């Protein structure tokens, strides 16, 4: 739409054009009050994106305030591009997770690729070098052709971007459930390393300093992407393909190197990624955080399409762009630096004292809005919350153990459930060894990356069992954080902090808002108990298709510190003769389990329960035993229960099996999903020391028979399974479904 054709302020109000942009009547009246006049078309656009849920968290802020966000190692909590945690020796780890769900539902390859690009920019805008990527993905059932297409394209998009940019994709998770059929979830996480003195903020300080635009040119892609992410998907969403941005990983690789060099220069004052809402959010937020204003001349914006209006330039979400503030008079140094990398750096404005965001185009002032009004003054809504109708019904159910006729067949069937099955088809497409720092590659409980020049490593994982959270949001929220920490501990790491990606349905529905509140309550309690503060994250609402919401999926991304790489521990058995231990008791807990879903085709009842104090005690014992060199392998017991965990530890080894004896009712002993459990192997000579340090029960030993045999307490054989056959079934399941 050219400037001549844009509706005037009166038309915007009378024809309710603001509503098409996502503003409510009350919000438009607020804008009118703030400005003391009717906004023009560009100004209406600025408010509509900055006040969208995606940018303002207006529906979720009251809930997010419950998260613990401070700790002795936390250097930067929520509010900047990414959170930062101290790891000693003047170094820190920077990490964040974000969603790109809606774009990936419409245009899966580019949606996923640009999700990766955006989260990388959040990390290097803090001054950190990105060292690892993870992703957490949710899809419908793989039997559906549409789901196959989305799955293949999303994985290809992540691989295409990550591999080209040269950052290893080292871990993550993929789960499949019918509720994600129309609305897949694509959550990307980036981890970076930084020295304390290099930390940069996205703030525009110093009146008279220069505002510069660096990186790729601006096109019409992604206009209103933030607003698109703040509404439910529908049949008409397909028409919004233009709202999906297109990424160029080679451009981003140059941008990373240029920005990391720039950060070493004292000419730089502030830097921020142009992410959701593009130029609007970066300029308004940088000005607002510094208590300043910004004036910008939009004719100077590098444009790759002709005739772009101020509205289009401000709302474009073209990729690979950064906004920087530099000291006045030092502009040429910056231009020269970026030119060396073949990138544009142009002066397009200046910092002012009057706290206004002022835009000029073709010699005319086209917008004048208080920066704080855009960045900080979105209305905050305390949404009505109502316990979901199904919850009381599920809580009251008398749970019966699912009937299993043949334990071996059940184990093989579980190993082929796509959520449990090997994800090798996925991660074989990722370059997880680039930078040659990956110590533990995908497929174990957590990935581990070396901190170069030290003996330290970073352990990292993403976790969330959304079935448990659907059944019991508070309990499930606790479990998500606890499982992430358990995975870090099993890898030899001390859990440090989390980033979260809260994926939910429409928060305007009281039952959905109840899920959000309760799961955040559970996560917050677990973060406090396990001492893993929340240092940043992302909220993705409106994950619905035709009124059907996805399961509540508050994904947890956690990073831990491996104090010495010799402590790195993996899940596979190491040698015959080692003793097998189980930590934690097994109860007949099947609500939301893989066995329940496999047998009944649906989930119901109560989720497994968790006692966070017990969880913490066990994690501390396991970590201390690992650090004392007493542990050969460690694996957390998750989906599929003990039989699956023991089988996975055998599958990962070569030519090893195990003979174990499990007490209690057979189906529960094998397949229940009780929490706070570990499978640990220990050298025979360390038996006494280990048993003194850890409350564990010896259940058997690792054998060289290449078979897993499980007995009951009467010594009757419940199942014997050949490890090669299990490996073949486990590895072949996803490729087979994709054929």
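Each Cβ is built from the backbone N, Cα and C atoms, and glycine gets one as well.
Source: prediction; values computed, not measured.
Per Swiss-Prot, the feature active site maps to 54. A helical conformation is recorded for residue 54 (active site) in the three-state DSSP classification.
For 100, the entry in Swiss-Prot reads active site, proton acceptor, with the evidence type sequence analysis. There are 32 other Cβ atoms within 10 Å of the Cβ belonging to residue 100 (active site, proton acceptor).
The ATP binding site feature in Swiss-Prot is assigned to 57, 96, 500, 537; the stated evidence is sequence analysis. DSSP assigns residue 96 (ATP binding site) to a strand.
Around residue 538 (Mg(2+) 1 binding site), the C-beta neighbours below 8 angstroms that are at least 6 residues distant in the chain are 96, 97, 98, 99, 187, 500, 501, 502. Classification of residue 538 (Mg(2+) 1 binding site) by DSSP places it within a strand. Annotation source Swiss-Prot lists Mg(2+) 1 binding site at 98, 538, citing sequence analysis.
The substrate binding site annotation in Swiss-Prot covers 99, 100, 101, 102, 121, 245, 317, 318, 319, 540, and the record cites sequence analysis as its basis. All protein chains shown were included, and the count of other CB atoms within 10 Å of the CB of residue 101 (substrate binding site) stands at 26.
Within 10 Å of the C-beta of residue 273 (Mg(2+) 2 binding site) we count 29 further C-beta atoms, all protein chains included. If you look up Swiss-Prot, you'll see 122, 273 marked as Mg(2+) 2 binding site.
Within 10 Å of residue 121 (substrate binding site), counting CA to CA, the recorded positions 54, 57, 100, 537 contribute nothing.
Taking 54, 57, 100, 317, 537 as the recorded positions under consideration, the smallest Cα distance to residue 122 (Mg(2+) 2 binding site) is found for 537. Residue 54 (active site) sits 11 Å from residue 100 (active site, proton acceptor), taking the C-alpha atoms as the reference points.
Checked against residue 100 (active site, proton acceptor) by C-alpha proximity, the binding-site residues 57, 273, 537 yield 537 as the nearest. Our reading of the ATP binding annotation (57, 96, 500, 537) yields a largest Cα to Cα distance of 17 angstrom. There are 29 other CB atoms within 10 A of the CB of residue 319 (substrate binding site), with all protein chains counted.
DSSP assigns residue 122 (Mg(2+) 2 binding site) to a helical segment in the three-state reduction. Taking 101, 317, 319 as the binding-site residues under consideration, the smallest Cα distance to residue 537 (ATP binding site) is found for 101. Each residue contributes its Cα atom, and for residue 273 (Mg(2+) 2 binding site) and residue 57 (ATP binding site) these two points are 18 Å apart.
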